[in-house]
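Trainee: This is the structure I have questions about; it appears just below.
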Amino acid sequence: MVNKIQSWSVHVFTALGGLAGFLSLEAILRDNIFLAFIWLSVAFFIDGIDGTLARRYKVKEMVPAIDGSILDNIVDYLNYVFIPAVMVYWFNLVPSQLTLLAVALILIVSCYTFANTKLKTEDNYFRGFPAVWNMVIFYLFVIGTSQLTNFLVIVFFSVMTFIPLKYLHPFRVKERKSLNLFMLAIWGLCCVFLLLDLRDPPTQLSAYRDIYYWLWVVLNLYFVYISLQRSIPRN
């Protein structure tokens, strides 16, 4: 009985990501981009640990009638795809004449990602861009790129969905896992500081923006390097 309650609790925990997504959407409609990303960060945190909890409590065995993967995909499509697409539309991130096309690319191309049964490689990397549009849109806000550049970035990652390069999954890839998780933790901390910069007015930490911004850039380059290294065939 206790095990079943624990297993159901994990499913409820996953579903809470949907509530976080709704609250993010509500913040968008109030033009509060800072709060919108806060709630997306909550959803990102839930998604990052619910799989570990599911394996620990053997949820698949205890509640076989509920497919946790489908539940996870429903919540992820909302938070990783739909809400970022709403951000593109609501905050005019691309030229007005290209808005519908940009939104359509994000929504439709991501359907391929979520339906792709070969999305994960044998060594647990993602194959092709894994529809993390929440991160892409966050980067656009942080860097402050132009509307046209934003559109080109969306087109680029839409195309990269179909290019079979490997993308690191820090929690699942065993190679250099400890180092990758350490780098991920520092990257996450930098993202928190950069997110605080989106507040109006910004915090006192903004005086040190150059430090954590460039550290964030270096960490991103590290993850790109790891992914490219694994994508290039070895002799």
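Note that the numbers count up from 1, one per residue, in the order the chain is shown.
Placement of Cβ uses the backbone N, Cα and C atoms for every residue, glycine included.
Automatic prediction, not curation, is the source of TrEMBL annotations.
Positions annotated as transmembrane segment by TrEMBL: 7-27, 33-53, 97-115, 179-196, 211-228.
For each feature listed, report its degree of burial, its nearest neighbours and the pertinent distances within the displayed model.
Mentor: Here the transmembrane segment (7-27) has long-range neighbours at 33, 35-40, 42-43, 46-47, 50, 53-54, 57-59, 62-63, 66, 68, 71-72, 74-76, 78-79, 82-83, 86, meaning same-chain residues at least 6 beyond its ends whose C-beta is under 8 angstroms from one of its own.
Through the fold, the transmembrane segment (33-53) approaches residues 10, 13-14, 16-17, 20-21, 23-25, 27, 59, 72, 75-76, 79, 83, 87, 91, 134, 138, 141, 171, 191-192, 195-196, 198-200 of its own chain, all at least 6 residues removed from its boundaries and within a Cβ separation under 8 Å.
Using a Cβ-Cβ cut-off under 8 Å and counting only residues 6 or more beyond its ends in the same chain, the transmembrane segment (97-115) has close neighbours at 73, 76-77, 80-82, 84-85, 88-89, 128-131, 133, 150-151, 154-155, 158, 161-162.
Here the transmembrane segment (179-196) has long-range neighbours at 34, 37-38, 41, 138, 142, 168, 170-171, 173, 202-203, 205-206, 208-209, 212-213, 215-216, 219-220, 222-223, 226, meaning same-chain residues at least 6 beyond its ends whose C-beta is under 8 angstroms from one of its own.
Sequence-distant neighbours of the transmembrane segment (211-228) (same chain, 6+ residues past either end, Cβ-Cβ under 8 Å): 125, 142, 165-168, 176, 180, 183, 186-187, 189-191, 193-194, 205.
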